[in-house]
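Listed in TrEMBL:
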- 12-125: domain 'CUB' (DOMAIN)
- 154-267: domain 'CUB' (DOMAIN)
- 270-386: domain 'CUB' (DOMAIN)
- 526-548: transmembrane segment (TRANSMEM)
């Protein structure tokens, strides 16, 4: 057999459960075999982290590491959302500290070009800092006879969309005379950064001159300061104005505390506010796997009177808990009113085909939570503002009313039924359309063995060359005098599976409309009733005449 083909009995991968240890590519320091795939799962005591470093690294080089490569995972290797990095070539990976007590390392070689491989060492450590860190060399223990191991690592360059940082040894007391710097951002993300402290306990003092955390609105200390904090009060939520945020932790020679734990996320990817009548958004990195440990918020804020209708175009999150049957892990929640204190409209997970959701007010908040493992494709969502309107009908006429304030930016000729010649009129505080069934593009159809009158209401939001026309199908069942309106073109209709019934005249929840004026115009019913009465009288007279004869 070829000397570089992996022999059947070669040791490759496995579970490493000792508090510390070493491992290397097959045949190291010789050339590793072709067509090999090895996975090492490092498991230490719960409550600890895994500290990993590389003393030697030499793999076949490719600019995207498409041939031979090594991957490091913050947890199980099957979960792409935990991937910390993929490495090849001659530059060793940086040291890593896991977020919990499991770390996976995967090595793969193809059928061409072999190198000497790698040697790595790990040990159990307290949970200090995690995410794809580039630790400063000064935090390494330089050992002449053993691979380098991490000391109380802290600080580094954090380039993920989100992550978590903690003071050294958290939640145990942090060491004295420590100084750590975390530089967040700088990996292509262009949005502001948000930092939220989940726990905070440090030595206090006027002016925070002893132990403190300092925040800067940029990559260096020359950037504007965003705050300096100490004591036991949690710092407020901080949002940078640039794509960079610098965090400095410093302790003096005595008196410590539990330290801190904080989460960060990119506001551009993970925190957005929408005020347009329609829009689209998706989970970070969609359709690739979303990152772990996220809390993302999308707030939709429309003019008063509107409601927000959300369409789920695609969704795949981590599935339900096998123990509780609930969405206990990764999940997407919708809240009415724009805050998490509002009414919960739904909470979803897994891979489902979801019906649209409509708010009861002009604001809706969507919140995505992901945990520390198992990532999926995420979601894609469209939304549209439901224009508040009241649609009613008689046996011969349509009556449509829309509050002027909900379409204040539009001229009346932008709102029409069937054809532009049937434009709305402004009457008081409402746009009104009153038309007979034999005009304005109406037509008679038979649906579900019932005769209905159908037309199309157009609301033209176009600006310049950007066409944006919402279309609602207006329908009347004359025998019952029941009307309804259905959105047939709004948030990219080609992507919506079907038109959804948005407004029912009997359940309309918008601004009160002067229905008395509509009813006063219903002369067709009066004529119909009068004819019936007259016919009845004539029939009675005829019967009486016959009896007398």
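The count begins at 1 with the first shown residue.
Using N, Cα and C of the backbone, Cβ positions are placed for all residues, glycine too.
Just so you know, TrEMBL annotations are computer predictions that nobody has curated.
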Worksheet item: By DSSP, how many residues in the domain 'CUB' (270-386) are helix, how many strand, and how many coil?
Response: 1 helix, 55 strand, 61 coil
Practice prompt. Report the mean pLDDT of the predicted model across the domain 'CUB' (12-125), rounded to a whole number.
Written response: 87
Worksheet item: What is the three-state DSSP composition of the domain 'CUB' (12-125), stated as helix, strand and coil residue counts?
Response: 3 helix, 55 strand, 56 coil
Worksheet, complete the sentence: Reduced to three DSSP states, the domain 'CUB' (154-267) has 4 helix, 51 strand, 59 coil
